[in-house]
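A.B. asks: So Swiss-Prot lists these for the protein:
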type: ACT_SITE; residues: 217; note: active site, nucleophile
type: ACT_SITE; residues: 249; note: active site, proton donor
type: BINDING; residues: 142, 178, 187, 221; note: Ca(2+) 1 binding site
type: BINDING; residues: 210, 212; note: Ca(2+) 2 binding site
type: SIGNAL; residues: 1-27; note: signal peptide
type: SITE; residues: 310; note: site 'Transition state stabilizer'
């Protein structure tokens, strides 16, 4: 949402709210291993597993003419600004400072003065499809414009269409937040089924025109089905479309109910963005502060960013201070990681370093060239080719200005937040050899498990063998290798194969090979006894005959069996406790008693373990490891997701406990 120009008594509260510290994924991707278009290893198999370019204020024609550059920069999807009819404020002036009018709908016909016509939208979507790029539309369906006279008759003809424009007063009150008006904008009566049908027709039309998904603006201001007497079926209805990817803008606070919204869509990790910006400002990339996503929602349902259009363009200018170097470093952190879907915000030409709107461009123009910068592009490509690989975050030699993310044995990203170059000499799983930095100048060497080289000041290094980018890539969606995943009844798994893969097969427990295409699914566990294990092997082959294999492990566990987790204690604490808890609405249930939880037991292999009673309900539980004072994750951050039989280090889940 936005705060620009609304000089009301509520604005300071709303601006402060934006600064608080505190999916429906409908079907698999359409592309298969046999798909023939201009997509290649630069584009991930699905929106969820790729990166998104937020083409803020770019017109449809601008997007169409830059689609090849977007593709070559490694993005899997673009996110548009709102595409429907909006109020043309300030005589329709297209100066960047007038961006907020795009968030004041007057009707839900597609096309507006700022971005272009519906036909131009269709042509842009067709160009995106040619390059294997997916299109996400920013859908403003919580409210209309604040100018009642400007609202179209087709909206006003819907009986009882609005809650009115009485402004929100208590931002901790769910009823107030969802049933009253954001900044005086007329609030849709989202309980009204005629309103739901009207808005859904707009979404369906956008999909028919070529869109692939949606960002739902101000999503937390629309009630959920279980929001008491004012709850509605709005979200179950609205998200029941053919969209591949849908996520909601859920700016986190005490009333945001992030995890509940995640039952219907992916959600934004706004607190994590604040953690990243704080780390950049302090030039401290300590993994204890930036490893956790600061959300009770699992990483695979999060959209992450270094900054958003709100943090950049609102009057409080929360992130406008950042330089291009800051954004490169932040992007190296969030987009090198597994799990979440990173969103890159395209600033206006010349923006940043404290200047929001330098006047070098207007609404409709392309943003700054940073979106296709060498380092940004290298990290995007790294993100794509590392899909399915585990992550290991660290600060080499204890230097908190150096961030390192090692993705299995396939690749490494380094970021140096400091003002001086730093010599790297650290353990790695990369194969021996020389690695040229794909993000900039310099090269690194690996010998006998040691990575050595120099990373320049305020820079990024992206390292992986050249053949990985062209290699076939097959993986199981949302599951890691090197970890034994548990389930209780039966489990349906989605298979993925990238555009390099011309042939893909899987095996279960050394059984017959079964061919698959990207997005195919299979089920394990039905009717099988508890304790049965499953080894799933994937093999992909490219057009040159190069093959790659991946191995995954699963076990069907009795939900009544003992629940054990382990911690590797990399900090060598003399006392290790596990504090395990979960949320029931606003109530915290402490599964290991009050802080600091229960002591863990050191085993002969040096791993600390804790076993909970078999009847403990650990659904959606979190765990924090601590020694009574220091803790992992860091203070004021939610715990790691509790995974039965999981083995943890300071970056989170690292594997499974030995049998």
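Each residue, glycine too, has its Cβ placed from N, Cα and C.
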A.B. asks: According to DSSP, which kind of secondary structure is residue 212 (Ca(2+) 2 binding site) found in, if we only use helix, strand and coil?
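C.D. replies: SS state of residue 212 (Ca(2+) 2 binding site) = coil.
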A.B. asks: Mind giving me a neighbour count for residue 249 (active site, proton donor)? Other Cβ atoms within 10 Å of its Cβ, every protein chain shown.
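C.D. replies: Around residue 249 (active site, proton donor), other Cβ atoms within 10 Å: 22.
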A.B. asks: Going by Cα-Cα distance, pick out whichever of the recorded positions 187, 210, 249 is nearest to residue 217 (active site, nucleophile).
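C.D. replies: Nearest in space to residue 217 (active site, nucleophile), counting only the recorded positions, is 249.
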A.B. asks: For the recorded Ca(2+) 1 site formed by 142, 178, 187, 221, name the remaining residues of the chain with Cβ within 8 Å of the site's Cβ center, in chain order.
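C.D. replies: Neighbours within 8 Å of the Cβ centroid, excluding 142, 178, 187, 221: 143, 163, 177, 179, 180, 181, 182, 188, 190, 218, 222, 223.
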A.B. asks: Just to verify a number: CA distance, residue 210 (Ca(2+) 2 binding site) to residue 249 (active site, proton donor), in angstrom, no decimals.
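C.D. replies: Roughly 22 Å, rounded to the nearest whole number.
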A.B. asks: Spatially, which candidate from the recorded positions 142, 178, 212, 221, 249 is nearest to residue 310 (site 'Transition state stabilizer'), comparing Cα atoms?
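C.D. replies: Spatially nearest to residue 310 (site 'Transition state stabilizer') by Cα position is 249.
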A.B. asks: From the Cα of residue 178 (Ca(2+) 1 binding site) across to the Cα of residue 249 (active site, proton donor), what is the distance in angstrom?
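C.D. replies: Approximately 14 Å lies between the Cα of residue 249 (active site, proton donor) and that of residue 178 (Ca(2+) 1 binding site).
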A.B. asks: Just to verify a number: CA distance, residue 142 (Ca(2+) 1 binding site) to residue 212 (Ca(2+) 2 binding site), in angstrom, no decimals.
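C.D. replies: A Cα-Cα distance of 20 Å.
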A.B. asks: Please report the three-state DSSP label of residue 187 (Ca(2+) 1 binding site).
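C.D. replies: DSSP assigns residue 187 (Ca(2+) 1 binding site) to strand.
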A.B. asks: With every protein chain in view, how many other Cβ atoms are within 10 Å of the Cβ of residue 310 (site 'Transition state stabilizer')?
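C.D. replies: Looking across every protein chain shown, the total is 20.
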